[in-house]
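Let me begin by presenting the structure, written as structure tokens, before commenting on it.
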Amino acid sequence: MTSENPDVLLSRVINVVRAASSLASQDVDFYKNLDRGFSKDLKSKADKLADMANEIILSIDEHHESFELKEEDISDLWNNFGNIMDNLLEMSDHSLDKLNCAINSKSRGSDLQYLGEFSGKNFSPTKRVEKPQLKFKSPIDNSESHPFIPLLKEKPNALKPLSESLRLVDDDENNPSHYPHPYEYEIDHQEYSPEILQIREEIPSKSWDDSVPIWVDTSTELESMLEDLKNTKEIAVDLEHHDYRSYYGIVCLMQISTRERDYLVDTLKLRENLHILNEVFTNPSIVKVFHGAFMDIIWLQRDLGLYVVGLFDTYHASKAIGLPRHSLAYLLENFANFKTSKKYQLADWRIRPLSKPMTAYARADTHFLLNIYDQLRNKLIESNKLAGVLYESRNVAKRRFEYSKYRPLTPSSEVYSPIEKESPWKILMYQYNIPPEREVLVRELYQWRDLIARRDDESPRFVMPNQLLAALVAYTPTDVIGVVSLTNGVTEHVRQNAKLLANLIRDALRNIKNTNEEATPIPSSETKADGILLETISVPQIRDVMERFSVLCNSNISKSRAKPVTNSSILLGKILPREEHDIAYSKDGLPNKVKTEDIRIRAQNFKSALANLEDIIFEIEKPLVVPVKLEEIKTVDPASAPNHSPEIDNLDDLVVLKKKNIQKKQPAKEKGVTEKDAVDYSKIPNILSNKPGQNNRQQKKRRFDPSSSDSNGPRAAKKRRPAAKGKNLSFKR
């Protein structure tokens, strides 16, 4: 295919898309009904497109059903076809990416090398391993009775003496008492090797197949390796860690590679002797290359007492360069043409001897790392980004381990603790959607699990997985059978402590119930008409109100019983030499003394003046009472009273079918008697309050509201009875 063909194909595809879009915007059915020829052409084109779609689908799957064009399901049909085409295009892109990767690997002059596949007959992931902690000379202490003490016995390459570096720092607002990082001053003030600042030719790694790793598990082999490391300028280091059968975790294996050799160090067997490697690890003239040393630095100082000065972290280098991914597997594949496998990343590295695939996997982590370091260093120097990577590497090297009990109150990247949250069980509540009212039960189970894990040096998830803890909170079994038969994943620790856990759950539920009852508010007696409470008060609030009320009552009683102040005493007689007097001011503004006797005289004069006052009688006008004239009740003679008994019809009378409605005249009223209608003045409008022109306005007619409570609709128009046609007839029966 020439370079011009893709452009021609693209232009044709664009024209097809434009034509289809313009056709879709028209009323095709309307034109089909108008023109028979257009309808035939359109149907033939649609059938041709359906045949092409069926050919494409049948070429992928011979058993796939063919598409049939039907107007009722054409949208679903083409949606399915579009999904199939999307999958085909994605597969094409994936194949093109593979082809480009193959071309790039060939252009580099070497094929991609793979980690060997092994049968794994001598590796059993389910095999029970004896806990190596039982053989340690220094027993594991998980009590956290004191801050973490560095395991340094001596301090090589020191700028500050060991005694000064291991002084306990007093607690402050954010940090409890702790021991500082013993090599923090050296990491900040010692310079890197001058060779790391220069662009140098890349040194290729030794052949993978021609070299064999050296296993180090004795003191003699350790000292021999140490002498070899002292004569190097760069070393690559990595660790394998296990944290499932240990509370804090243990370092199981250390991989160290030089330009010539690969070492695999048994850190379980040489745990007490590896501190001598500080002579190399703290030497700033030897570059220590790690990848992602974020946790490796913590594990080295916690288990082995090792610290790193002169760290180069390839993880931060890959980020500074701007690589799409920053994993070690990506660096191995793109910079060393080596395809590793993460199959054994989470394997149990405590087993001895190591299987062949585990040995190969551990060796691959550091075998190519120095060559990758050469390539990344040159790229960083060319882009002027090396200083930033060294700064980040220093910060990683200054990280220190601290027990959870003595962690800083404010989380910091410089300090690592196994538990960094104040209430870690709340994370489980969020993950498993546990209601807040069961937080007490979650906390009790979490603390019990943590206590057992510390005692037996097991991980909390080994004692009781999070799923099992959430199930206990959800189902709350309160007997042994309920705890044991809760799920299939009941651990040995839970099975052995089933009775204790059942009692713990029962007590926690009782505490939750009591807490809820105490926190339930007592409603007041004041309620609205619809039953809604106006106010709610709790028991402590009632007690507070009662105490305040009693204080007020006592204070009022004491005030009422208080005697007035006098100028004499029962025992000593009259104390004050002068009489009591008040002060009055004259018109001139000068004060004059007013004695008590004067006040008494004034009071007597006031009383006598009140007695001489005449009583004034106010007459209240009574409303005018109009006498009501009652009509005289006339007695009627029973003889002259009309008879209302039904009369018997006479058969000889005439029956009139229609009769004129002639109203009888009312008898004239007696002269001299005038009858007036009563007037209701409350309904008469006030003339003075009316606005001008208001009476001229027409009143609005009352409209019928169908949604009102009054269900009576407007009355229909009154119909007139049709007049009888013909003559009026009368006949005899």
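Including glycine, each Cβ sits where the backbone N, Cα and C put it.
The model shown is predicted, which means the values in this text are computed figures rather than measured ones.
Feature annotations, courtesy of Swiss-Prot:
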type	residues	note
BINDING	Asp238, Asp296	Mn(2+) 1 binding site
BINDING	Asp238, Glu240, Asp365	Zn(2+) binding site
BINDING	Glu240, His241, Trp299, Lys342, Gln345	UMP binding site
BINDING	Glu240, His241, Trp299, Lys342, Gln345	AMP binding site
COMPBIAS	667-680	compositional bias 'Basic and acidic residues'
COMPBIAS	716-733	compositional bias 'Basic residues'
DOMAIN	214-380	domain '3'-5' exonuclease'
DOMAIN	435-515	domain 'HRDC'
MOD_RES	Ser138	phosphoserine
MOD_RES	Ser640	phosphoserine
MOD_RES	Ser645	phosphoserine
MOTIF	700-704	motif 'Nuclear localization signal'
MOTIF	718-721	motif 'Nuclear localization signal'
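Under the three-state DSSP scheme, Ser138 (phosphoserine) falls in the coil class. Taking every pair among Glu240, His241, Trp299, Lys342, Gln345, the residues recorded as binding AMP, the greatest CA to CA distance is 21 Å.
Asp238 (Mn(2+) 1 binding site) carries a strand DSSP state (E or B). Mapped onto DSSP helix, strand and coil, the domain 'HRDC' (435-515) counts 63 helix, 0 strand, 18 coil. The Cβ neighbour count for His241 (UMP binding site), using a 10 Å radius over every protein chain in view, is 17. Around the Cβ of Trp299 (UMP binding site), the same chain contributes Leu239, His241, Gly249, Val251, each under 8 angstroms and 6 or more positions distant in sequence. A distance of 7 Å separates the Cα atom of Asp365 (Zn(2+) binding site) from that of Asp238 (Mn(2+) 1 binding site). Per Cα geometry, Gln345 is the residue among the recorded positions Ser138, Lys342, Gln345 nearest to Asp238 (Mn(2+) 1 binding site). For Glu240 (Zn(2+) binding site), the nearest of the recorded positions Ser138, Asp296, Lys342 in terms of C-alpha separation is Asp296.
Close to Asp296 (Mn(2+) 1 binding site), meaning Cα to Cα within 10 A, are none of the recorded positions out of Ser138, Lys342, Gln345.
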